[in-house]
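K.L.:
Pasting the feature list from TrEMBL:
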- Gly14, Glu15, Ser16, Gly17, Ala18, Gly19, Lys20, Thr21: ATP binding site (BINDING)
- 1-150: domain 'Myosin motor' (DOMAIN)
- 124-142: transmembrane segment (TRANSMEM)
Amino acid sequence: MMNEARSQSILVSGESGAGKTETTKLIMQYLTYVGGRAAGDDRTVEQQVLESNPLLEAFGNARTVWNDNSSRFGKFVEIQFDANGRISGAAIRTYLLERSRVVQITDPERNYHCFYQLCASGKVSYSVLAIILYDFCAYYAWVLGVHQSS
């Protein structure tokens, strides 16, 4: 990239369960390493890019027949570099989220990880979200064998 002074692209493609998500994480780790900032900088763009992965996975990944952490969406990651080869910015765009999974899943597949994390946290407040997810959380507790005594 620095030698050619032109934008570069990396396309990660493959069948379900082939390791696209993990490969993308490794590529992002490498790019943030080689394009890192000087020591002493506050919360860097590099950190923010890497720290976005767990959040995106919570809201966009689910268990499928083939993969316990299957991405159910596509993402376009753009990392910008300055003239010195240092990361100057980044953008992540998501697309094609499998929306039907929110309301309809088939056994043994699961919904998005965020719902299970919310239920497992024990911090569900009596808000609109709690009302919407009440039956879902009760089912999740039943599946885990956590029964409330009457």
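Yeah, the Cβs are placed from backbone N, Cα and C, and that goes for glycine too.
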K.L.:
Quick check: in three-state DSSP terms, what is Glu15 (ATP binding site)?
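P.N.:
It is coil.
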K.L.:
Determine the Cβ neighbour count for Thr21 (ATP binding site): the number of other Cβ atoms within 10 Å of its Cβ.
P.N.:
19
K.L.:
Along the domain 'Myosin motor' (1-150), what average pLDDT does this model show?
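P.N.:
Mean pLDDT for the domain 'Myosin motor' (1-150): 81.
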K.L.:
Given the binding-site residues Gly14, Gly17, Gly19, which one has the fewest other C-beta atoms within 10 angstroms of its C-beta?
P.N.:
Gly14
